[in-house]
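Record features (Swiss-Prot):
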type	residues	note
BINDING	T10, G11, G12, N124, R166, S196, Q301	UDP-N-acetyl-alpha-D-glucosamine binding site
Amino acid sequence: MRVIITGGGTGGHVYPALAIARGLKEARPGVELLYIGTARGLEADVVPRAGLTLATITVQGLVRRQVWKNIPALVKTGRGLGEAWQQVRRFRPDVVVGTGGYVSGPVCLAAALQGVPVILHEQNAFPGVTNRLLAILARCVCLTFPEAASRFPRRAKLVTTGLPVRPEIIQADRDSCRQHFGLRPEQLFLVTVGGSQGARSINGAMLPILKELAGCQDVSLLQVTGRRDYEAYLQQVRTQGIDLAKYGNITIEPYVYNLEQALAAADLVIGRAGASFLAEVLARGLPSVLVPYPHAAANHQEYNARAVARQGAAVVVLDRELKGGRLYQVVFELLRSREKLKAMAAAAASLGRPGALEAIIQVILKTVESG
């Protein structure tokens, strides 16, 4: 079996693609995989590191608010379509899997025009423009959120599978992870992950929360600031008179490589509403306070957050509300109500789809078998 996987630009498109690639290798050890991306996106770094062959094509994203700037992008996309055509023709795949991003457009279009079955995966509640345009050419569109269905053409074949998460997220043992962080059984563990984009506003809103929690025996806090803001944030913490060494229940890190351990140990999570992060939070059955990144394309993070909040698994705090103290209010209301946290955790667990990867792999295998 020969499979082309394409998707790029950001982690939201690349990491689900890598999870699918790993799932295909496990399901069909002899599978031949080719990843098609760009030389400038995240995929240029992480795909070779994952042991996959990467081919690149020329493509450039469109500028939505300044149409006149799109002429060079359209020229590059035309060139990219020709390059994608050659890659598909040369590799002769049984199926092409696209996870979104501008690079997947030319690749999936070239495949469809050559009669190769195309399967798409959409990560967000508000689907990306590339997947919406490609949907009528695809054999199947795998959705993370059922709410996304209404934004696709009626002719599109849709199935809700969820978003594949790393096996480590699901397999991490809660008890051993809590021991790793030195937590007592009755102690609540609050984890704040600002994300690579726009962590600064969340960091600033966390300062009064840190001040209130400093020395609290009932709550431990891990805050991940992002590398860019780490030193400046530590200085802000010191300016507020918070002595981290003295109190011991607050840990501030620029980045964590063991996020699966932090999520397994957590009782409440604060973070952005990117699809991959949300899928991991829900797979762990975690209550969350979601602060959508306000500059995400088509405001898709707010759509993601609202979809989870409607089911009772999260509380949404908009970025513009952070300066008004709403994050402080929401966090302490939740920390004071273990029953509320328990109810939100149950709702999150009901939304989590730990079998998402297997469901997507089955869609791919059935498509190949049917020809």
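Just so it is clear, glycine is given a Cβ too, placed from its N, Cα and C backbone atoms.
In three-state terms derived from DSSP, G12 (UDP-N-acetyl-alpha-D-glucosamine binding site) belongs to a helical segment.
Around Q301 (UDP-N-acetyl-alpha-D-glucosamine binding site), the C-beta neighbours below 8 angstroms that are at least 6 residues distant in the chain are N124, R272, A273, G274, P292, Y293. DSSP gives N124 (UDP-N-acetyl-alpha-D-glucosamine binding site) a coil state; it is part of no helix or strand. All chains included, 19 other C-beta atoms sit within 10 angstroms of the C-beta of R166 (UDP-N-acetyl-alpha-D-glucosamine binding site).
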